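Data first, discussion second: the structure below is written as structure tokens.
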């Protein structure tokens, strides 16, 4: 008999019901649970899959370059970045009638096209690409890289090239290589590209392979470097009247510390960016020589951790036992990696708009909104994943003997205190914030807006002032003309910073008031509640007073039958599942806030946000309803417009979202009865009953249905908001 899916589980492949298919898909990537898995094969499979992942990323980015080169308008956009709309790719759709073809033929194209809201045009322009040929060369190079990585992945699965477990567990060597090689050398290479290609291009000098070795990035070459006169590289920076991509007003500096933004492009100075990457490179290349490997010099991570015992003994045995615990647990390592990547992704969202590094991207409002929202949602999923794998670590990999009285054991021992404090913070934030919003709502409804409770965010304003924002009248640090920091800043470092922070046309340190204070606390409520659910899920994953033997049931179980009185909904997976809803809603509030604040800033009517954001009806009426009205009107009796695709996606997103509830609200028995009825009907219907099934149809398990419901909820939620965001922004600003 031919082997059936899934090959990795003999038991499951013999299941006579449709559970075989769904459970097979669900456990396909849980390598640890597969038949005949050894630690060595586990590590090798994961290692090989990393090469596949990188190949997919390179193929995808190659596709972006290729489609823009083939169907885009890059060269036309380069001539006039502020007025030509960048084209992502053409649309071929046989359903398009004349009105649709007309509506979607934009950006100087000959037929229907999609506009690019990803910022790739601005990115490629900033790093020195100027022609379609440049894009094609980039696409081919990335395609070649993808092939190299696929071959490397295959190679590392061959017996001769398979790394051993000891190689995977050599933490010091890996850290050295990742710090020096991955971060350090790649940052150095990027600084090199900026200095040799991007900065000359921004000054109208075209550097390509034919003149790379003959075009000097700086008139004095390497002489100042070897003489230690490094300051020469910062002299004669681009002037404030510099026209980007031309020599007019251009300087010769390559490494500067100007601060603020280029007046024309509204983006960070390229010479500042090159300086930043060079500094990062130096720091990380040094950091990558810190850990002890074959040469007997440098730090041993294990020794550092073992030595970390808190003074006075009040905090137990500190980090003792952590080295082996982390080094032997892939889930712990993945949890740490996801936690840091999640934070970094959220920081990227924050910095891409407040300190834009790509030329003209700050004036492309729809792209700014799309990139912020995209990175915040990605960050949310990655961060919840960190806690999920933290919980799996506690269930599968945590060994109480190895971690006696260290920080991990102590976290578990006083989990009640941690969870109850988080609970208190969430309750406090929720009741007070909602109380203020509802009070203000009632005052507006009764026609007495002056009775609203409006709280100025004085601490946040004080922090903004310390950084140089003079508007609030706090006279301190960088906002005080008498402070040493202010005086030093004029000449030595960041002279452009103070101009930028006090200029109302950018998004650096936005002016804040009572509306910001309220929504800030609403977001804090969401963050704390999400964290509460996730932390509780991980800390209770091994067991709780209610269910001390929980870890024996694994990561995801529905219940332990009716006999134990309430063991449903308490698996670590359930905590993750509930937290994702809170995460999505929290990021909803974050993106609503960001988008409304910026729409009013870009339209020049900040008063609308300031006045309407202090009560709930303001948010519902003046943000959601007002900005979705165009969307709902994408199709009408008078034809269609270029927003109609977003109108359709807005409707479709709601549909997908609502479908989620079908899986979330009704339980398994209902579906099992329905399936049995349909099966009965099928078997008794002529012609239909000629078609038989190999697997007996059964309903999804409770956990599987929750996953399907959660996926529909998440996808629908994001589709709906994406359509709303892009249509409402592009409808206003083009």
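Yeah, the Cβs are placed from backbone N, Cα and C, and that goes for glycine too.
Database features, via Swiss-Prot:
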{"type": "TRANSMEM", "residues": "46-69", "note": "transmembrane segment"}
{"type": "TRANSMEM", "residues": "135-158", "note": "transmembrane segment"}
{"type": "TRANSMEM", "residues": "175-199", "note": "transmembrane segment"}
{"type": "TRANSMEM", "residues": "273-291", "note": "transmembrane segment"}
{"type": "TRANSMEM", "residues": "330-353", "note": "transmembrane segment"}
{"type": "TRANSMEM", "residues": "369-395", "note": "transmembrane segment"}
{"type": "TRANSMEM", "residues": "417-439", "note": "transmembrane segment"}
{"type": "TRANSMEM", "residues": "517-535", "note": "transmembrane segment"}
{"type": "BINDING", "residues": "559, 568", "note": "[4Fe-4S] cluster binding site"}
{"type": "TRANSMEM", "residues": "575-596", "note": "transmembrane segment"}
{"type": "TRANSMEM", "residues": "643-665", "note": "transmembrane segment"}
{"type": "BINDING", "residues": "654", "note": "chlorophyll a B1 binding site"}
{"type": "BINDING", "residues": "662, 670", "note": "chlorophyll a B3 binding site"}
{"type": "BINDING", "residues": "671", "note": "phylloquinone binding site"}
{"type": "TRANSMEM", "residues": "707-727", "note": "transmembrane segment"}
In the same chain, residues at least 6 away from the ends of the transmembrane segment (643-665) whose Cβ sits under 8 Å of its Cβ atoms read 100, 103-104, 628, 630-635, 700, 705-706, 708-724, 726-727, 730-731
Check the transmembrane segment (369-395) against the transmembrane segment (135-158) for contact, please; criterion is three or more CB pairs under 8 Å, pairs 6 or more apart in sequence.
no
Does anything in the same chain, at least 6 positions from the residue listed as 'phylloquinone binding site', have a Cβ under 8 Å from its Cβ, and if so what?
699, 700, 705
DSSP three-state call for residue 670 (chlorophyll a B3 binding site): helix, strand or coil?
helix
Hey, which bits of the same chain come close to the transmembrane segment (575-596), Cβ under 8 Å, at least six residues off its ends?
353, 369, 372-373, 376-377, 379-381, 383-384, 387-388, 391, 516, 519, 522-523, 526-527, 529-530, 533-534, 536-538, 540, 609, 613, 619, 623-624, 706-707, 710, 713-714, 717-718, 721, 725, 728-729
Separation of alpha carbons, residue 670 (chlorophyll a B3 binding site) and residue 559 ([4Fe-4S] cluster binding site) (Å)
18
So which residues does the transmembrane segment (175-199) touch in its own chain, when a touch means Cβ under 8 Å and the partner is 6 or more beyond its ends?
126-128, 207, 212, 215, 217, 254-255, 270-271, 273-274, 277-278, 280-285, 287-291, 293, 301
Distance between residue 662 (chlorophyll a B3 binding site) and the residue listed as 'chlorophyll a B1 binding site' at the Cα atoms, whole Å?
13
Roughly how many Å lie between the Cα atoms of residue 670 (chlorophyll a B3 binding site) and residue 568 ([4Fe-4S] cluster binding site), rounded to a whole value?
18
Given the transmembrane segment (417-439), its same-chain partners at Cβ distance under 8 Å and 6+ residues beyond its ends are 411, 452-453, 455, 518, 521-522, 524-525, 528-529, 531-532, 535-536, 539, 614-616
Should anything in the same chain at least six residues away from the transmembrane segment (273-291) have a Cβ under 8 Å from its Cβ atoms, list it; otherwise answer none.
172-173, 175-181, 183-185, 187-188, 190-191, 194-195, 198-199, 234, 254-257, 298-301, 357
